[in-house]
Amino acid sequence: MNEQQRLASRQANSSTKKEEKDYSKYFESVYQPPSLKLAKKRGKEEVKIERDFGLPEEFRDFGAGRKFYIRTYGCQMNEHDTEVMAGIFTTLGYEPTFSTEEADVILLNTCAIRENAENKVFGELGHLKSLKRRNPDLIIGVCGCMSQEESVVNKIMQKNQHVDMVFGTHNIHRLPYILKDAMFSKETVVEVWSKEGDVIENLPKVRRGDIKAWVNIMYGCDKFCTYCIVPYTRGKERSRRPEDIIKEIRHLAANGYKEITLLGQNVNAYGKDFEDIQYGLGDLMDELRKIDIARIRFTTSHPRDFDDHLIDVLGKGGNLVEHIHLPVQSGSTDMLKIMARKYSREHYLELVRKIKETIPNAVLTTDIIVGFPNETDEQFEETMSLYREVGFDTAFTFIYSPREGTPAAKMQDNVPMEVKKERLQRLNTLVNEYGVNKNKRYIGQIVEVLVEGESKNNPEVLAGYTRTNKLVNFVASKSLIGQLVKVKITEAKTWSLNGELVKEPIEVK
């Protein structure tokens, strides 16, 4: 696209006014790549809260007789975004389907955190090309974090011209308008906002199940770890107002939900953007303790922002679970500095000490990257020793995956792939060893299990999770699905526990 075409594109976008609100201030050419210089310009503009989401009359029964299909890649935030998009589709009159062959609209909600995730999406787009040939009226869309990357949008425009629409993470609430444009346009409709939008409340949702629910408490991230694309794809940190969060969770509790997971790219930064009140995650958790719901947990944490007040509140127990996922990424202070994690090995270990002192039965899990540019054998050994010192129950482990547009992608990488794979294998051996040994401690214990459904491996067996997020399998009546029960653990495996039902459903007070 040349400069003249770019200017024409901007003029076309700014002159097309479908609503009274002017969205042009948010929109920049999708051909502008993410960069630290631009992405770090966290403007001081006030983030507005909009609570009046609604659809104009033109969209009444817009999807009547049509079906939609959404495939989701990546984290819980993407899963929750899919729930919102499903809610919007349903409000438009569409019906869900689990078959791409039956769908009138197919959306791929994408993840940009690792190269493997992107490869899966482009592979799926290739498979959908033949379906589009057979059904030219099919609408295919790409949304989520990949859409925020200039190189991805270019690749879609050049090599995947059967894609009808592309939109990003900041304008999901604009789905009806984007969809309408895609249906009547001969060209691919691209609406990617490089500036994050306002916080939109009261969006419709179709939740997965009626036992556990995700609740966003904030959006975006301002940490700019050198390997991470999220600050570019999700924008600056924006917190929802506590009253809106509390209202949503009270509503879920009243509708029978047993467990809530609070979501954010960095939940520990919650409230730091408020200018009118001093209110953080610890304050929010303290208020949520008073709600009549069995369990509340949160993800994802950043050690830098995990403060003493939050630890003290979590120590009060009640419906606040004893499981904390605390990504460390590396056990080497030098590596952490290059990663721009803004804490040291010593700081992390001191944080763990405080957590264990206040919450003696706390279960800690983590994320670890191996093979970061220029990681030495000694630095990797520091990660191994930290894992042992903390005594994690388990970890999500990854070989470093460079993301275009991040500082780490420009670093010289002198760690051979065979060395990276060997380190990952050694780390996973340690993770598995600790996992099974930690689980063996549960043998003979009676634990509280929230029954979620049938086991994936055996429909005659029920499966659920403990407060510390341990998977438990046991034989019992399917009438217990959705209930809290007591189970005696009889066998420990690396990733799960087996047990026997010892008590009927518990009443949670």
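Placement of Cβ uses the backbone N, Cα and C atoms for every residue, glycine included.
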Candidates CYS143, CYS145, the one Swiss-Prot lists with CYS75, CYS111 as binding [4Fe-4S] cluster 1: CYS145
Sparsest Cβ surroundings (other CB atoms within 10 Å) among the binding-site residues CYS145, CYS221: CYS221
For CYS145 ([4Fe-4S] cluster 1 binding site): DSSP state (helix, strand, coil): helix
Euclidean distance between Cα atoms of CYS228 ([4Fe-4S] cluster 2 binding site) and CYS111 ([4Fe-4S] cluster 1 binding site), Å: 12
Additional residues surrounding [4Fe-4S] cluster 2, by Cβ distance to the CYS221, CYS225, CYS228 centre under 8 Å: LYS223, PHE224, TYR227, ILE229, VAL230, PRO231, GLN265
CYS75 ([4Fe-4S] cluster 1 binding site), number of other Cβ atoms within 10 Å: 18
Cβ-centroid neighbours of [4Fe-4S] cluster 1 site CYS75, CYS111, CYS145, 8 Å, sequence order: TYR73, GLY74, MET77, ASN78, THR110, ALA112, ILE113, ALA117, GLY144, VAL230, THR233
